[in-house]
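Annotated features in TrEMBL:
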- 42-291: domain 'G-protein coupled receptors family 1 profile' (DOMAIN)
- 27-51: transmembrane segment (TRANSMEM)
- 63-83: transmembrane segment (TRANSMEM)
- 103-124: transmembrane segment (TRANSMEM)
- 145-165: transmembrane segment (TRANSMEM)
- 198-217: transmembrane segment (TRANSMEM)
- 238-254: transmembrane segment (TRANSMEM)
- 274-293: transmembrane segment (TRANSMEM)
Amino acid sequence: MATGNWTRVSEFILMSFSSLPTEIQSLLFLAFLVIYLVTLMGNSLIILVTLADPMLHSPMYFFLRHLSFLEIGFNLVIVPKMLGTLLARDTTISFLGCATQMYFFFFFGVAECFLLATMAYDRYVAICSPLHYPVVMNQRTRVKLAAASWFPGFPVATVQATWLFSFPFCGTNKVNHFFCDSPPVLRLVCADTALFEIYAIVGTILVVMIPCLLILCSYTRIAAAILKIPSAKGKRKAFSTCSSHLLVVSLFYVSSSLTYFRPKSNNSPESKKLLSLSYTVVTPMLNPIIYSLRNNEVKNALRRTIHKAIAFRNSIP
C-alpha cells in the first residue's frame with residue numbers, strides 16, 4: 001500500500017548468497033548444515049555434561065553452560081532461515097519475522113559480550129585469589145553475574161529493533177545479507193536516520209568496549225599473577241585454566257570488530273557477509289570444540305558420561 005513515495009513493506013527479500021551459482025549454493029547448504037548440527041550437538045553436550053558430572057559444578061562451568069545455551073540460541077535465530085534460502089530458495093521473510101530476527105540477534109550478541117567479560121572475571125578471581133574463590137564466587141554471586149550478563153541485551157535489542165522498524169521503507173525491499181542485520185535493513189529506510197545512526201554507533205562502541213575493557217583489566221591482573229608464580233609448571237597450569245576462554249574471546253571480538261568497525265570504503269556487502277559468517281556460524285561451533293579439546297576436566301567428564309551411558313544401556317535387558 002503506497003503513500004506518496006513511501007511503501008508499506010509487508011515482507012523483505014534476503015539476498016543471501018543469490019549471486020553465487022546454484023552448485024556453489026548447494027555446497028554451502030551442505031557445509032552450513034554440517035556446521036549447524038555440530039554446533040547444536042557440541043553445545044548441547046557441554047550443557048548436559050557440565051550438569052551431569054559433579055566434578056564440573058564449579059562457577060567456571062556454570063558460566064560455560066550459559067555460553068553454550070547462548071550459542072545455541074544465536075544459531076537458531078540465524079542459521080535455519082539461511083539454510084532455507086539456500087535449499088528451497090525461499091528468500092522472503094515477513095516484516096515481523098525480520099524484526100524478530102534482528103531483536104534476538106542483538107539480544108544474544110550483547111549478552112555474549114557481557115558473558116565473556118563475566119567469565120574473564122571468574123578466571124581473575126580463581127587465579128589471583130584462589131583461597132577466596134569459593135566464597136567470592138558462591139552460588140548467589142554467580143547467579144547475579146549471569147543475570148547481569150543477560151540483562152543488557154533486553155534494552156539494547158528493544159530500542160534498536162523497535163526504533164529501526166518504526167521508520168518508513170521505500171523502493172526495494174531487498175536486504176543484501178543472509179539475515180536481518182541493522183546496516184543492510186537501514187539502507188532501505190526513506191527517512192532521516194542520522195540520530196539513529198549516532199545511537200547505533202555509540203551503542204555498539206559501548207557494548208563492545210565496556211566488556212572488552214573489563215576483559216583486558218582481568219587478564220592484565222591474571223598475567224601479573226602468573227608471572228609471579230615461581231615454577232614453570234605452576235605457570236602452565238594457571239595459564240591453561242584461562243587459555244580456552246582467551247581463545248574464544250579473541251575469535252569473537254576479532255571477527256565482530258572487523259565486521260562493524262572497518263571503514264565503509266573497505267566494507268563491501270560480500271566481504272561483510274563472509275565476516276558475519278565467522279561469528280554467527282563458525283565461532284559457535286568452535287567454542288565447545290575449544291573447551292573440550294583444551295580442557296582435561298571436560299574431556300574426562302565426557303569419558304565418564306559416555307561410560308555411564310554405555311553401562312546403563314548394557315544393564316537394560
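We count from 1, first residue shown onward.
Placement of Cβ uses the backbone N, Cα and C atoms for every residue, glycine included.
The average pLDDT for the domain 'G-protein coupled receptors family 1 profile' (42-291) in the predicted structure is 88. Contact between the transmembrane segment (274-293) and the transmembrane segment (63-83) is present: at least three CB pairs lie under 8 Å, with pairs separated by 6 or more positions in sequence. With respect to Cβ pairs under 8 Å, the transmembrane segment (145-165) is most closely packed against 103-124, considering the stretches 63-83, 103-124, 198-217. Long-range contacts of the transmembrane segment (63-83) within the same chain: residues 14, 16, 29, 32-33, 36, 39-40, 43-44, 46-47, 50-51, 93, 101, 104-105, 108-109, 111-112, 115-116, 118-119, 122, 142, 145-146, 149-150, 178-179, 248, 280-281, 283-284, 287-288, 291, each at least 6 residues beyond the stretch ends and with a Cβ under 8 Å from a Cβ of the stretch. With a cut-off of 8 Å between Cβ atoms, the residues of this chain six or more beyond the transmembrane segment (27-51) that come close are 17, 20, 57, 61-62, 64-65, 68-69, 71-72, 75, 79-80, 82-83, 86-87, 281-282, 284-285, 287-289, 291-292, 298, 301-302, 305. Residues 59-60, 63-64, 66-67, 70-71, 73-74, 77-78, 137, 142, 145-146, 148-150, 152-154, 156-158, 160-161, 179-182, 207-208, 210-212, 214-215, 218-219, 221-222, 241-242, 245, 248-249, 252, 256 of the same chain, all 6+ positions outside the transmembrane segment (103-124), place their C-beta atoms under 8 angstroms from a C-beta of that stretch.
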